[in-house]
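Take a look at the structure set out below.
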Amino acid sequence: MAGCGEIDHSINMLPTNRKANESCSNTAPSLTVPECAICLQTCVHPVSLPCKHVFCYLCVKGASWLGKRCALCRQEIPEDFLDKPTLLSPEELKAASRGNGEYAWYYEGRNGWWQYGERTSRELEDAFSKGKKNTEMLIAGFLYVADLENMVQYRRNEHGRRRKIKRDIIDIPKKGVAGLRLDCDANTVNLARESSADGADSVSAQSGASVQPLVSSVRPLTSVDGQLTSPATPSPDASTSLEDSFAHLQLSGDNTAERSHRGEGEEDHESPSSGRVPAPDTSIEETESDASSDSEDVSAVVAQHSLTQQRLLVSNANQTVPDRSDRSGTDRSVAGGGTVSVSVRSRRPDGQCTVTEV
């Protein structure tokens with residue numbers, strides 16, 4: 001304890017200006033480059049994730065393709081992080097593009113050339129100066145082979161995909177360094193990228209892509225003459241034929257009602273000729289609900305709402321009513337040259353059914 005007191009006392013006895021100067025010189029940390037927890041080396045173009053962990057840009061790129069999560073805390077990496085990374089030192093990227101020597105190494109991208117990172121450039125220059133025919137490079141967790149004779153690079157386990165490389169002066173126009181664009185303009189960044197670990201510009205072209213129109217799933221209706229009509233706009237020929245059929249039905253309704261057998265109390269009900277025939281409805285949304293309400297209005301003639309229901313009604317009438325009181329057997333021609341048989345069945349209070357075909 002005495003030693004600690006003496007240390008504190010000696011520090012307090014120092015002059016004020018000297019303490020300030022020494023504190024500045026001793027405590028001011030030098031700008032050290034952080035180490036990457038993925039490659040276990042000094043970070044090259046360090047970037048900071050949203051979780052504040054720092055890695056090499058290419059190391060993050062390789063890790064994001066494998067798991068899309070931080071290598072330390074497993075927090076999810078945003079989808080657009082590779083296109084809009086958070087660089088700790090943007091000035092370092094510009095300095096790397098200027099280079100330290102006269103020559104630099106480049107790999108081919110879309111509409112331009114990319115400069116290799118500082119570490120990879122040193123490896124390539126060292127192999128080239130020693131006269132090697134090829135050398136291996138570890139980029140974003142993938143092993144690449146640089147063929148220095150044919151000046152191409154490819155993955156060691158995928159020889160089919162090759163990319164040109166070259167050794168050129170440092171001042172040539174370039175797109176960026178190691179997949180990082182020198183012009184970090186949001187308008188020039190395309191979010192659709194392929195899996196290219198070397199940071200090449202492998203953006204898929206989307207300008208020619210067009211939006212395909214949605215195909216309607218509604219099946220069109222078929223008119224009487226076989227032509228396709230829209231569900232919302234029924235065929236005018238079909239509507240006209242139905243109206244003519246019901247008009248003919250109204251004229252022959254009196255004779256049909258008189259010839260049919262009448263039960264007790266039916267004299268008080270109106271005949272179909274004195275009632276008003278409802279207008280036909282060709283809406284596809286309607287169902288057979290009107291057929292169940294015939295007993296409530298015995299004088300009303302039930303109008304069927306589609307040609308399919310009319311044909312089903314004719315087949316049912318042939319099975320349930322063998323003896324019909326009247327059958328006109330006349331078919332009306334429609335616009336397409338075909339014929340249609342319209343049948344309407346009415347129910348009377350005594351349970352008998354009267355079927356009239358037009």
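Using N, Cα and C of the backbone, Cβ positions are placed for all residues, glycine too.
Per Swiss-Prot, glycoprotein is bound by Y107, R110, W114, Y144, Q153, K175; the candidate from R69, R74, R98, R163 named for the same site is R163. Secondary structure of the zinc finger (36-74), assigned with DSSP and counted as helix (H, G, I), strand (E, B) and coil, comes to 10 helix, 8 strand, 21 coil. If you compare Cα positions, K84 (ubiquitin cross-link) sits closest to K94 out of the recorded positions K94, Y107, R110, K130, Q153. Cα separation, K130 (ubiquitin cross-link) to Y107 (glycoprotein binding site), rounded: 20 Å.
Across the structure, Q153 (glycoprotein binding site) and K94 (ubiquitin cross-link) are spaced 25 Å apart at their Cα atoms.
Each residue of the domain 'WWE' (91-167) gets a DSSP state, and the totals for helix, strand and coil are 20 helix, 37 strand, 20 coil. Neighbour counts of Cβ atoms within 10 Å were compared for the recorded positions K84, R163, and the top value is held by R163.
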